Amino acid sequence: MKEKSWVGILFSYTKGSKIKLSLSILLAIISVFGGLLPYLGVYHIIIMFFAGTQTGSKILYWAGICLGGYLIKILFYGFSTVLSHRSAYKILENIRLAIADKLMKVPLGTVLNESIGKMKNVIVDRVETIELPLAHLIPEGLSSLLLAVSVLVYLIVVDWRMAIAGIISIPLAAIPYGIVMRTYNKKYDDYMKASNYVNGVIVEYIEGIEVIKAFNHASISYEKFQKAINDFKDYTLDWFQSTWKLMNLGSAILPSTLLGTLPLGMYLYINGLLTPADLTISIILSLGIVETLTKFTVFVNDLKSIEYALRDADQFLNLKELPSVRQQVKLKNYNIKLENVSFSYLQDENNKENVLTNIDLEIPEGSFTALVGPSGGGKSTIARLMARFWDVGKGAIKIGDTDIRDIPLTQLTDTVSFVTQDNFLFNSSLLENIRLGNSKASDEEVKEAAKAACCHEFIEELDGGYNTLAGEAGNKLSGGEKQRIAIARAILKNAPIVMLDEATAFTDPENEDKIQKSIAALTKGKTLLVIAHRLSTIRNADNIVVLNNGRIEDTGSHEKLLKDCKLYRDMWQAHIGSKAWAANSDQNIEGEVVSNV
Ligand SMILES: Nc1ncnc2c1ncn2[C@@H]1O[C@H](COP(=O)(O)OP(=O)(O)OP(=O)(O)O)[C@@H](O)[C@H]1O
């Protein structure tokens, strides 16, 4: 497929800023023409002096033109800059929103496979690098280029020979610049890779700091961190050292326009081929060309950084979306059916290992189904497929006889609540964190949900109560309390289907009791699927599904499975054993038996 040009990518995100952007360009052009007026004024004043026709009023008139032109240049340039900054920020906003929107539409696996460092680097830092160069490129870059061309045309009109002499330094300067530019793309590419790598290492270092400290790996991790930063510094310095001589040579040659215009101008003047007025204005104009062109060379680097930022952003913007329909569907009921479902996380046709194979399962509306089985058997994968974090590889998942691929993603999200073990809290108040379940809920409704999820008491005990920021509260909340907040969110959402990845970590009896109460409040009258890690919590399930190696080994009630399914029986024995062990430990410690098997 033909690669999209970066200018094309840029313009596809100008929605809402097209008028401002066009106006900014128009104002920049007017500013350029304003900038030409002083040259015209000076030209006429010189001619008048040489011809001896100067009068006070004529001089004042042309001086007024010079001043007016200069004011136009400054004012219109200012307006153009304001508009170009606004347009640039709007473009940034559009790109960031488009990436965020895209991340919601691609399979979760695609997002999880990207490093957080890279995503943060692209969405925050790389996109930000577009703003300043873009905002300045429009008025400054455009006007520099236009002014140089206009002055050249003007100079050709005055004397074409002087025009050639005036730009002779450009091809000469192009030689050293050209040598640098030959390797520029490759160097810039390597520079960006090194920059992305450093970003990734920094984010990894900060994210993993808890593990680094816990395992006393501070020095090893710090060395990796330090090495990445040093390598990046060395690379940047090497690149600078390999180019600065040629770049400086180019920068020295480019403005040396007098080397051409002065001897030629003198020669033409002495031979009567150029008037003194034309000689003077030609020299002024030729200095004007190189000055503006020198300004433009600064933008070459800026253009490159815009190009790379857009290409990076475009990688995310081109991620393949989960196909989705828009039209809401009327679901007959909330029965869930998995029909011959197979799935692999690997998309490579030649390297596909099924995580789920030929799964047939029915979960009637209002029933309580539990998924149990050895670790890695595919329990969480089934739940993720039902929430459509990924699409099934083969077969279909249906809700109320409708394939979930034919239900709009937003409707599916409203229909299914998925409470995972990873209870992410946003750094807003706890009130707002719970309100995520239903943005329209009143404060009272949020508190009711919190009460039902057994969170109300501990939230009230926090200094800021419900207004405590989750970031501040985060350190004070236990894992079980965080899970109850997530359950409160789901209670507020009130979706007819609830999937719950039961927490393994928070097994102290008091917490377990509260979590069970909150789950009971969440799941009343709902179609419930629990990924169970502790069999005691699901022995009353209507149907228990034993998953092993991605296949259904058996299904049925607790009693039936104890009788018919060896794997389940073994798991139950192991579970009772561990409970007895825990009870004995408690007995040893506290002198009483705690048994809630
Ligand atoms: N994002 C992923 N990419 C690739 N493979 C994955 C991914 N998530 C899970 N797997 C693999 O899929 C298989 C099933 O994982 P899954 O999490 O569904 O099992 P599980 O029964 O829920 O396990 P556990 O009880 O330990 O949570 C495992 O072999 C796991 O390594």
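Yeah, the Cβs are placed from backbone N, Cα and C, and that goes for glycine too.
As annotated by TrEMBL, transmembrane segment applies to 21-47 (among others).
Among the features that TrEMBL reports, domain 'ABC transmembrane type-1' is placed at 23-305.
Look at TrEMBL and you will find 59-79 (among others) tagged as transmembrane segment.
According to TrEMBL, the feature transmembrane segment maps to 137-157 (among others). Tertiary proximity for the transmembrane segment (137-157) is limited to same-chain residues at least six positions away from its ends with a CB under 8 Å from its CB atoms, namely 21, 24-25, 27-29, 31-33, 35-36, 39, 77, 80-81, 84, 87, 163, 166-167, 282, 285-286, 288-289, 292-293, 295-296, 299, 302-303, 306.
Positions annotated as transmembrane segment by TrEMBL: 163-184 (among others). A Cβ distance under 8 Å defines the sequence-distant neighbours of the transmembrane segment (163-184), meaning residues of its chain 6+ beyond its ends; these are 152, 155-156, 243, 246-247, 249-251, 253-257, 259-261, 264-265, 282, 285-286, 289-290, 293, 297, 304.
Per TrEMBL, transmembrane segment is recorded for 249-269 (among others).
Residues annotated as domain 'ABC transporter' in TrEMBL: 336-574.
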Per the Cβ under 8 Å criterion, with at least 6 residues separating them from its ends, the transmembrane segment (249-269) contacts 159, 161-162, 164-170, 172-177, 180, 275-276, 279, 282-283, 286-287, 289-291, 293-294, 297
Model confidence for the domain 'ABC transporter' (336-574), as mean pLDDT, reads 86
Counting only residues at least 6 beyond its ends, the same-chain positions whose CB falls under 8 A of a CB in the transmembrane segment (21-47) are 14, 54, 59, 62-63, 65-66, 68-77, 79-81, 83-84, 87, 138-139, 142-143, 146-147, 150-151, 154, 158, 276-277, 280-281, 284-285, 288
Long-range Cβ contacts under 8 Å made by the transmembrane segment (59-79), restricted to residues 6 or more beyond its ends, are 27-28, 30-38, 40-42, 44-45, 48, 139, 143
